[in-house]
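To start, the structure under review is shown below, and the notes come after it.
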Protein chains: 2
Amino acid sequence: MGRWAPDAALRLERAALELFAEQGYAATAVPEIAARAGLTTRTFFRHFPDKREVLFLYERELPAVVASLVAGAPAFLSPLGLVMHGFEAMAAGPFEGRRAELQARRAIIGSDEGLRERELLKNVLLAGGITEALSGQGVGKEEARLVARYGVLVFEIALNDWLDGNSDTFSDVLHSTAYRMGQLVRPARQEE
Amino acid sequence: MGRWAPDAALRLERAALELFAEQGYAATAVPEIAARAGLTTRTFFRHFPDKREVLFLYERELPAVVASLVAGAPAFLSPLGLVMHGFEAMAAGPFEGRRAELQARRAIIGSDEGLRERELLKNVLLAGGITEALSGQGVGKEEARLVARYGVLVFEIALNDWLDGNSDTFSDVLHSTAYRMGQLVRPARQEE
């Protein structure tokens, strides 16, 4: 979540999240964000094409992070096991402990239709990154694609459920979502 | 796919698809679409808030159509079986035989980032409609939500694969995608 991004980009992201939360996304202009971060408008545009993209900074590294986690997973895991291993490491690492921040971000995104649409693109990009990571581990292209899409769906549902709640850890929610989904979608015997 | 929409809306949709294919989405203005359909710009705006929404006419009825299909499915089916029964009826009915038209629409959507983002919203709306339909059939809210999201994912993957190919029927592609996905995501015994 931005840990590997340039310092200026991270400061702009933090300033934008504050201002969007305080006065709304629509009412906030780029020069205000830059000023809050102690930077110039010009610097803002060196890091982001527009106001919207500042909310999606962490996406830039997400596929690479998940790919490295998949590559580092135990080799005996199934393709789905590889993906869930990567997501569990994300959940227990960069996400855990940041619920309040992620809830604030989600509230801002929910306030604007353009942001909601943009947010959905994240899942497509993430699935693409995971598909490549699985292919790199020798999983067939077709299988990699299906497993990546499924894993991203489970992760997204679990993330939203975790942000809705206030007691469980993200790891626990992710684990139980993956289990329940697996039970519900396994082919019934008479349908095979 | 628009069969229950007002005639003027359907004519505008057809005119827009033609013009977008001929000269591009960005280069086409609302008055041109209205003129091609033999209608006024004012009529256009009675049916659609902007140029973009003309490409999403069929969405308006999709949740209701799928809900009625789910409600009409045999009662012995599992929740996932109910959803797939609805999608199979869609695949064999309104979709089959319209591959060329749907390919043209997909190409237009792929040409514009705003359209691609908007297209992703369709799946969210569809999953919401299916969740309600399943709840109406007595499926628990939590289970309904998970099964709906999974079913929409399978349908979307199958739709794209069908549009990529040129020989199989949509029903065949949908059936084989559902089967392969089910095989890949079933929990392995050692992970349960």
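Each residue's number is its place along the chain shown, starting with 1.
Glycine is no exception: its Cβ is also placed from the backbone N, Cα and C atoms.
The stretch that TrEMBL tags with DNA-binding region, taken from the ranges B:29-48, B:89-108, B:169-188, is B:29-48. Secondary structure by DSSP for the DNA-binding region (B:29-48): 14 helix, 0 strand, 6 coil.
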